[in-house]
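Per TrEMBL, these features apply:
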type: DOMAIN; residues: 198-332; note: domain 'Fe2OG dioxygenase'
type: BINDING; residues: H216, D218, H272; note: Fe cation binding site
type: REGION; residues: 334-381; note: region 'Disordered'
Amino acid sequence: MAKMAASMVENGEDAFRKLFKFYKRRNPPPDFSDVLDFSKAVPSDKVAQAKLDFAAVSDVEAARVGLKPVRDWEVFGLQGYPGFIFISNPFLLGSQPFWVRQCLKTYPQRPNICNLDMHMSPSETEDIWGKSIHGLTSSPSEKRKPLTLLERLRWVTLGYHYNWDTKTYSANHHTPFPADLHLLSYQIAAACGFPGFKAEAAILNYYRSDSSLGIHVDNSELDHSLPLLSFSFGQSAIFLLGGTHRQDTPTAMYMHSGDIMVMSGQSRLLYHAVPRIIPVPKELITLDKYSGNVASTLQANTLMEQISKQDWTVCCRYIQSSRVNVTVRQVLGPGQCFPETPTPPKGTDFGETASYHEGPANRVSQKRKSPRCDSVDTVET
Ligand code: OGA
Ligand code: MN
């Protein structure tokens, strides 16, 4: 069966799109046997152990942001993708709830910007969390309609806010970047050999079980020598990592809760996409990763505060069917400024990246919605 994925791409013609559609397919479901699982990875001809700078982050600094000591991280590189680093869930047991809560309760708040702000009034989008608690804590058997605001969240931007129309960042569209997420990103980048990383912009993607993210390259940042960090929480996903051309056959891999990807060096500007969310057994989400005594593994000087029982009930319910992805970017190189007249990124063929770049509402597309929201399926060439 694994041959099936290979046979889809034999002719090399837009191999990425073919594999994207292959993994997105519902009926019949695809064969997943070619999908790399780093949580089970043993070094092979494709996967290699990657090197980290153990001295860059002390154990205390790591624990402060909820991470294990760097020497205990399981880190992989991929043959053929120099600069791509996969860190298989380096979070301390019990520290993910804090980050999930930040992504669901804190970061969607103003002055940060979210998709709901595009078509709702400021008073309607005030307190997305508070307005969603009842709907998310009521019994699952109760018929709930309409969806809560939290369930309608698709993206949030932090720091330099990405402009979906011009595909640029600008000096005058900026709000303070959250200090906790900056510190987490700074430590991870340092361990990966990028000391002094400045988290200046982030895009959070919120995926329901039928969402996908179209084929794209992240090239709007002005300095591409700096890494892009990507965090996953909640449900698992299939991530496709391609090459510099759409004809390059991508590699499929799972991203599980807590996993971190670093795209740097020659892998910073590669095509990538998320064709599918993979459900995780309920027991794993509630018990294995999260329900340990949050405080017990955490240090006195930690940034992580213990989250309330009610907050965790809401987060738990949400991530039992959803996935949150956070991508953190440094936009400007050291000493760099924005140009007087912003120019959209060039040099990349965006032929069929509409689902990502077409407009804010369409970034993460979903199956059931109107055809315009599901542009990956509808944009055919
Ligand atoms: C992005 C992105 C991938 C993911 O936000 O640019 O590629 O894993 N996200 O959701
Ligand atoms: Mn991306």
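In case you wondered, yes, glycine gets a Cβ from its N, Cα and C as well.
Just so you know, TrEMBL annotations never went through curation; they're auto-generated.
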Cβ neighbours within the same chain of D218 (Fe cation binding site) - under 8 Å, at least six residues apart: L228, M263, L269, T327, R329
Residues near H272 (Fe cation binding site) in space but at least six apart in sequence (CB under 8 A): I215, H216, V217, F239, L240, L241, G242, P250, M263
Per-region confidence, the domain 'Fe2OG dioxygenase' (198-332) (mean pLDDT, whole number): 89
